[in-house]
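Visitor: The domain 'NADH:quinone oxidoreductase/Mrp antiporter transmembrane' feature in TrEMBL is assigned to 89-368. Positions annotated as transmembrane segment by TrEMBL: 12-35, 47-64, 92-110, 122-144, 164-188, 200-223, 229-247, 254-276, 282-304, 316-337, 357-381, 402-421.
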Amino acid sequence: MTLIPFIFMPPLMKSLIMVISLLFFVIFISPTFINNNSFNNISLSEMSIYMIILTCLIIIMVNMTMVNKKMSNMIMILTIIMWLFFSENNLIKFFIWYEMALIPMFIMILESGYQPERMKAALNLFFYTALASSPLIISILIWSQEFNIMFMVNIKYFQISGPVFIFNLALLLSFLVKLPLYMFHLWLPKAHTEAPYFGSMFLAALMLKMGSYGLFQFIIFIQPNFMKLLFWICLASSLIISLIAMTETDLKVIIAYSSIAHMAMGLLPILGSFYLSKISFIISNVAHGFTSSAMFYIAYILYLKSPTRNLLMNKGFLTNTPVLMLFWFLTLMASAGSPPSINFIGELLTIMIAVNWIPYAVLILMLVLMTGTAYNMIIYTQTALMLPSYYMENSSVTQEQLTPIFLHPLCMFVLVLMMMIM
């Protein structure tokens, strides 16, 4: 009965109550409590803490834009699942939360999608990720039965041998599909094009991080030779996807492809065991979470002004909405890794680690950076600098629409300060 008033609260109020409660929980849990048997299902590593804080900040900005109470409840359910996933120590429960996150997103695409193709997009999302996750649960069951490994903290003591190595390679498919890399990415553009704007914000900013977080936890299973192979696959994936993004005209598809390219680049640091690998990986994931969320939200505002996502028809917004275009330019430049954005720091550290490990990879890295800058500049010049379309609304952007955009860099700055303090 006590949950009934909470369910009918405004979306922003619900998110604030949940976030304050969670932050209180995270801040005041000491290592003494975590090591206690009553907390043996909690795993709060440095990576998981930043992912939980990222979830808290994104959920506030998503709920600031929402009026649909039914979908806000779906967002709340998905948020709780994300918190449980990032803090779970038990491997079986880790897999359960990993799969359960698909259900609210599936419902959001079906209930709030715009086109008849939303059923196909939702099914692609569900079956791609669910089928690819089957090796993960098989591996977890083998570990629990044969090696008595049930908790995340025990993974680092696990020695790979014999046919178990095959299962450990197979389980990586689960995370590479959720990340996703090129060849495993076909579900993502479809999901983004049919999902509502708040679904796209959540999917890009947080759900893709489930794949990178899983790889971060299970990276110990990858042999050194396979590390180099995965390194080149990530580089090729980022370059190919960036080239594809330059040829697209649908704004949400381009942003979806940019997410794929960024996630592939962000995976490079943890493939090489260097001093800065972990911090570079965390910065890249956090920066992408904020920039991708802001890009999808601004794309939604542009869609409200001219009811199309086609770049060839979205023109001249600088004339009517100069403030929005300023934030649009800053967001796109941050996505391209321009200084002084946090993305620049993440990409700089990634390049340093990659070149230190494989020096001749610098040529492909430069191509990736050039193509990434190119499609971001194409987006801006098409939407801002051309002559306005005749059917575009002349109304200005409201303060309520601008507030979440302004909060994205502010929240990113707060999280970076927390990184420096911690």
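Don't overthink the numbers, they just go from 1 along the chain as shown.
Glycine is no exception: its Cβ is also placed from the backbone N, Cα and C atoms.
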Visitor: Compare 92-110, 200-223, 254-276, 316-337, 402-421 by their Cβ pairs under 8 Å to the transmembrane segment (122-144) and return the stretch that comes out on top.
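Guide: Stretch with the highest Cβ contact count: 92-110.
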Visitor: Near the transmembrane segment (92-110), which same-chain residues lie under 8 Å Cβ to Cβ, leaving out any that are not at least 6 residues past its ends?
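Guide: Hits for the transmembrane segment (92-110): 41, 71, 74-75, 77-78, 81-82, 84-85, 118-119, 121-122, 125-126, 129-130, 133, 136-137, 140, 144, 150, 152, 174, 191, 194-196, 198-199, 202-203, 207, 210, 214.
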Visitor: Take the C-beta pairs under 8 A between the transmembrane segment (282-304) and each of 47-64, 200-223, 357-381. Which stretch has the highest count?
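Guide: It is 200-223 that shares the most Cβ pairs under 8 Å with the transmembrane segment (282-304).
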Visitor: Where else in the chain does the transmembrane segment (254-276) make close Cβ contacts, counting only residues six or more beyond its ends and a cut-off under 8 Å?
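Guide: Non-local partners: 179-182, 185, 188-189, 192-193, 200, 204, 208, 211-212, 215-216, 219, 222, 227-228, 230-231, 234-235, 237-238, 241-242, 244-245, 248, 284-285, 288, 292, 295-296, 299, 311, 335, 346-347, 349-350, 352-354, 356-357, 368, 372, 375-376, 379.
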Visitor: What residues elsewhere in the chain lie close to the transmembrane segment (200-223), defined as a C-beta under 8 angstroms and at least 6 residues from its ends?
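Guide: That would be 47-48, 51, 54-55, 58, 61-62, 75, 78, 82, 85-86, 98, 101, 105, 152, 155-156, 158, 160, 165, 168-169, 171-172, 174-180, 191-192, 230, 252, 255-256, 259, 263, 266-267, 270-271, 281, 285, 288-290, 292-293, 295-297, 300.
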Visitor: Are the transmembrane segment (402-421) and the transmembrane segment (316-337) near each other by the rule of at least 3 C-beta pairs under 8 angstroms (pairs 6 or more apart)?
Guide: yes
Visitor: Taking contact to mean three or more C-beta pairs under 8 angstroms, with sequence separation of 6 or more, is the transmembrane segment (402-421) in contact with the transmembrane segment (47-64)?
Guide: yes
Visitor: Using a Cβ-Cβ cut-off of under 8 Å, list the residues of the same chain that are 6+ residues beyond the ends of the transmembrane segment (229-247) and lie near it.
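Guide: Distant contacts of the transmembrane segment (229-247): 181-183, 185, 222, 253-254, 257-258, 260-262, 264-265, 267-268, 271-272, 354, 357-358, 361, 364-365, 367-368, 371-372, 374-375, 378.
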